[in-house]
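Quick look at what TrEMBL lists:
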- D160: active site, charge relay system (ACT_SITE)
- H222: active site, charge relay system (ACT_SITE)
- S548: active site, charge relay system (ACT_SITE)
- 52-130: domain 'Inhibitor I9' (DOMAIN)
- 152-599: domain 'Peptidase S8/S53' (DOMAIN)
- 652-750: domain 'Subtilisin-like protease fibronectin type-III' (DOMAIN)
- 7-29: transmembrane segment (TRANSMEM)
Amino acid sequence: MVALSSYIYNLAIFMMTSSLPFTILFLLLSLTPILVTCQLFDDVPTGHRKDYIVFMGDKPKGYDEWAVSSLHVNIIREVVISDEPPTGHILRSYNRTFNGFVARLTEKEAERIAEKDGVISVFPNRINQLQTTNSWDFIGFPTNVPRSRLESDIIIGVLDTGIWPESASFDDTGFGPVPSKWRGTCRVTPDFRGCNRKFIGAKFYYTGPGQPVLTARDYEGHGSHTASTAAGNSVSGANLYSLGSGTARGAVPSARIAVYKVCWPDLGCSDADILAAFDDAIADGVDIISVSIGFNDNRNYFQDSIAIGSFRAARQNIVPSVSAGNDGPLLLTIRNFAPWLISVAASTTNRRFLTTVILGNNQRFEGWSINTFNSIQATLIFGGDAPNTAGENSLNANLVRRKIVVCDGYTSVREAQFGAVRTAFFAGAAGVIVNGVFQIYGDDVNNIVAPLPSSYVIDNNNAILAYIRSTSNPVAVIQKSSEQRNTFGPYLAAFSSRGPSPFTNSVLKPDLAAPGAEILAAYSQASSVSDVPGDTRVAPFNFVSGTSMACPHVSGAAAYLKSFYPNWSPAMIRSALMTTATPMNSNLNNEAEFAYGAGQINPTRALNPGLVYDAGAADYIRFLCGNGYSNTQVQVITGMRNACTSGGSSRELNYPAFVVYASPSQPFSCDFRRTVTNVGSATSTYTALVTAPQGLNILVSPNTLRFTSLGQTATFSVNVRGTISGGPRVVSASLVWDNGNSQVRSPIVVYVS
Ligand SMILES: *[C@@H]1O[C@H](CO)[C@@H](O)[C@H](O)[C@H]1NC(C)=O
């Protein structure tokens, strides 16, 4: 690579990754080649090496895995000066569909590698976190929906904590041979005897300093839960200690599951491993990639393994379905928001669990929790009367043992679950009553199973404490939870991350909502149902809440559509799911579309969307270029050089949603262009129906679209204009293309801030 382009190239990369002095140092080095000596680059002790991902784009044409991996060895040989052989520095090669590797390097070595011809980006490996019986029925997707013959050819790749092979959800009785397109493998280990015709592949990836048991077996439960929600068999009589009894099933019970274990107990999930799993899943021939993993921080698309991997998947017609994150309810908390993936938020269903508390004076409280324990009665004690002198927030075990502890002072269920509930359990209490958890959303449903009898009550008058003070022998009963109707559902769970997208805010994110609160699905029997140390209860099915649970609902729904329309692009599938989604109520979630996207998925309706908004790699590239990303940056995602021939504004991305940014009381006018493809009936005429609140004028032109054949496209423009006072607020409107049979609905969102 010639000096000049090398220098420009590196500047672009390092501007994003390193401090300014580092950039200046690099600039100096680039301008004064004579200084570039081995000493200078090897001045950091070897002990300071850490793991970097070196991304080099697509596998070069005509190269086999061996040839690709030898490129990597050559780079290390040229750059790294050490006693170890070059292969000792390479932790992993991406050699199946990508070209790249993970290596243990010093910062200087990483810097030098970034300088190499063909290297697109170098970034440190970081560790990411993992983020039912009635949920499918609730969203209008009963067991007897029409099924495609091709369903059993669909393969869903699940990047997660592995699988519990013995689960009834993954039994292969009645399954035909593995689809012939499958190119994957199954890693057998002493604790994992192999795959079957239901879960047809299993691999694991671990790059890092820890020493987990290397196996595809799920020791946590998360991966079995997500895989069974997407594609688990129908298992009747599923329940957790008789709670939530019903048939547990995935959207596509005949589809196959391919397991890519990238997350490890206590060690998280690393970029290096996520990218490796994408490389394999794409080469293995999966149709859908389901990723319920999120980052703790927002990164740009070029250092985000999920964004990079998803782009490549989408380009191969594989649908990337990803969880939005559990950092809600504030705006701008979304974690996975690249325009080429489906970003999924978590909603509630119409079910909730209530747990009754009865005091000795017969006062009753209907609290909430998932309490699987049979009714208990015990002496009540106020937590404040039993402090442990050893530390704050802890209880004196001698005083609380075998009693029901009453705790207050928590601001959210989640905080209480990790505070009061665990503390009481560890201190040997018989039960715990948490008073006054004031969620931002009132009684938010995001329970996890507790290790001891528990209930979260609202006792504004402190009647429980008054009762304790009124008698020498205060007692209470905590009953087992009972299943109730949640009449407000669906609304978005408070924990679900909200948009708008922090980088490209004119693309609506999240895209969709799906059930993610108190979902019952398959679980690992190596992990207790509460996941609290000391709880020994294990069960084949368990309740879990999170956007991690919402994501596989969309992965399953996408698989369902794919089984009918194998040639649809990921954007067409997303469009069908978005335009047919059930709109949700902004009175229950003020963030409106930034909370739930186009609404709650309705896979049955999505089967006949009428029109779809398609987009492909070229559109995303134009979008990135038009958003100020350089050729070099776009190359990281796309692997294509000089991709930016022309740019489009992000408003021009052919998305089935419209987002406008406005200032309070300032007039605005925004134009959009969109193209729809006819996938309904060959001859049909659609009329534009606009719903908009006061202050908003929306003009669609033309307002009639005529189609005479399938696959025909039509282009229209939308002008959104108006003046809105107050803010920050989210103002919702919509455009529906209606031909009498199909209503193709797109949200129009004005964000006033
Ligand atoms: C391709 O990469 C994998 C993963 O690092 C590695 O195990 C394999 O040996 C590589 N293939 C070749 C032919 O070097």
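Note: Cβ is positioned from N, Cα and C throughout, glycine not excepted.
Structural mapping of features recorded in TrEMBL.
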residue : record                           : CB count, 10 Å
D160    : active site, charge relay system : 29
H222    : active site, charge relay system : 25
S548    : active site, charge relay system : 29
Specify the secondary structure state of D160 (active site, charge relay system) as given by DSSP, simplified to three classes.
strand
Return only the integer: C-alpha distance in Å from D160 (active site, charge relay system) to H222 (active site, charge relay system).
7
S548 (active site, charge relay system) to H222 (active site, charge relay system), Cα to Cα, whole Å, comes out at 8
What is the average pLDDT across the domain 'Inhibitor I9' (52-130)?
90
Provide the three-state DSSP residue tally for the domain 'Subtilisin-like protease fibronectin type-III' (652-750): helix first, then strand, then coil.
1 helix, 62 strand, 36 coil
Helix, strand and coil totals (DSSP H, G, I; E, B; other) for the domain 'Inhibitor I9' (52-130)
27 helix, 28 strand, 24 coil
